[in-house]
Amino acid sequence: MCASGERSYKKAPLFTGPKMSQTKENLEDGQRQLTQSRSMNVSGNHTSVTMFVLLGLSDDKELQLILFLVFLAIYLVTLMWNLGLIILIRMDSHLHIPMYFFLSFLSFIDICYSSTISPRMLSDFLKDERTISFFACATQYFVGSWMCLAECCLLAVMACDRYVAIGSPLQYSAIMVPAICWKMVAGAYGSGFVSSLVQTVRCFNLYYCGPNIIQHFFCNIPQIISLSCSNPFISQMAVFLVAIFVGLGSLLVILVSYGFIVASILKMSSTKGSAKAFNTCASHLVAVTLFYSTALSVYMHPSSSHSMKQDKVLSVFYVKLIPMLNPLIYSLRNKEIKVALKRVINGATHLH
């Protein structure tokens, strides 16, 4: 297979006139076959994949340059906003409460999640051959899945924190002590780590003999499993069970928590108190809605209901845009963060 792919590329005839477009397609197919052949390791009668080829978002050179600049700006803004929010929460003592403690770890997850995919995605815009080694692909998926699943668990933790703050305000300080908060964060990160490890080990232990072309801009598990030459049933079940227990399980915790929050708000006699309680949950509710609506639409739909282009657009939204929007969502209508930012700026001005 490797030799035939290379010969078809070298002997592609050149035509002029009306067959020029057909010639261009033949050359592109030949180049793709050559790239694929170089990504195979032949041993006896077996061929194993050593590298994958990422198709990316577009093959248009001019569009790739525009996308490079756009996604570079998004990545830099994501880093600055999330890192700035972490520093602000650490510097201002008024923000040393559980809600902002969890928010700082959410920002850290968004930085890691975006950094897992963005650098390679940006470099692929400037390369002709978008190859990624088998190990690098497994590592990218493992870290990205770890951060994504940890974010699911952390959003559930934040919903529980809001329920305790609104439902039991007098006991809030006694319940949400620092030791409990650290254990909840460790549980969220640990659950994501174990779940991602199970998925990665199961899926990348499958036998891959070719083709090795991933119809995406990063190593996404549905597209990778479809390339397997062995029976993927157990791996698909592992991915499905993780999605059910971690993804939908954390969503169920969030929904139950907000059910109790709504019930607590309805019991409040003061309209002003009800509005204040709702405002403390509004940002978290918006973040949860954006995250789960896009993630579930990609991973929990029948394969025929979306085209690959639609999947890529939705993936761009939750992989690139949501990590950038989260700090803005939590800061835009939050008076405490605005006041803390003014205090830090005034303090820096006085020191200067």
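Cβ from N, Cα, C; glycine included.
Here is what TrEMBL says about this protein:
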type	residues	note
REGION	1-27	region 'Disordered'
TRANSMEM	65-88	transmembrane segment
DOMAIN	81-330	domain 'G-protein coupled receptors family 1 profile'
TRANSMEM	100-118	transmembrane segment
TRANSMEM	138-160	transmembrane segment
TRANSMEM	172-190	transmembrane segment
TRANSMEM	237-266	transmembrane segment
TRANSMEM	278-301	transmembrane segment
TRANSMEM	313-332	transmembrane segment
| task | Mind pulling out the one from 65-88, 100-118, 172-190, 237-266, 313-332 with the most Cβ pairs under 8 angstroms to the transmembrane segment (278-301)? | result | 313-332
| note | For the domain 'G-protein coupled receptors family 1 profile' (81-330), the averaged pLDDT of the predicted model is 89
